[in-house]
Amino acid sequence: MTSFLCSDTEIESDGGISRCKKIKNKPLMEKKRRARINKSLSQLKQILIQDEHKNSIQHSKWEKADILEMAVEYLQQLRSAQPCSLSPSTSSISTPPTPKEEIRNIKVPLNPIASFLNPMMQQYVAYQQLAQLSMYTQLFNNPAGVPLRADAGVTAQSPELAEKLKIEDRSRV
């Protein structure tokens with residue numbers, strides 16, 4: 001490995017990587033990093049100014065550490081005002097919901113549907129009860145085997161008894 005003095009045209013040959021370029025780029029990278037930090041701090045300062053509503057004389061005296069401390073306090077206030085359902089530490093490790101929780105999660109969206117269907121279900125149940133009452137009333141009032149409905153040939157008695165009753169009805173006429 002040959003070593004040269006670092007100048008604009010001289011390069012140390014070490015696998016095609018220039019040590020001189022790395023050394024020269026380091027201050028430039030540091031300058032860019034500091035510029036990003038200062039830009040972010042000024043943005044934080046503007047956010048805090050809008051939130052704090054303090055006069056501009058005090059704003060110019062804020063140090064970088066003050067800005068960071070106030071930003072942390074501000075974020076903590078926001079977090080306490082609006083608690084998250086899952087904290088970052090528990091979001092990756094989640095336990096499966098219990099059956100009661102699953103049922104609760106299912107019931108909540110079904111409540112509007114149930115309130116919509118409830119009157120219709122009540123009407124349907126009332127209709128079924130009326131139909132049963134009507135059928136029982138007909139059976140109670142017609143024990144002799146008279147057809148339950150005019151359009152149906154169904155009788156309450158055996159077919160032999162029904163035939164016998166038909167013959168008796170014809171003889172009366």
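Here the Cβ of each residue, glycine as well, is placed from N, Cα and C on the backbone.
According to Swiss-Prot, the feature compositional bias 'Low complexity' maps to 83-95.
The feature domain 'bHLH' is assigned by Swiss-Prot to 21-78, with sequence analysis given as support.
Helix, strand and coil content of the region 'Basic motif' (21-34), in residues and according to DSSP, is 14 helix, 0 strand, 0 coil. Annotation source Swiss-Prot lists region 'Basic motif' at 21-34.
Along the region 'Helix-loop-helix motif' (35-78), the predicted structure has mean pLDDT 80. Residues or ranges marked as region 'Helix-loop-helix motif' in Swiss-Prot (evidence: sequence analysis): 35-78.
Residues or ranges marked as region 'Disordered' by Swiss-Prot: 83-102.
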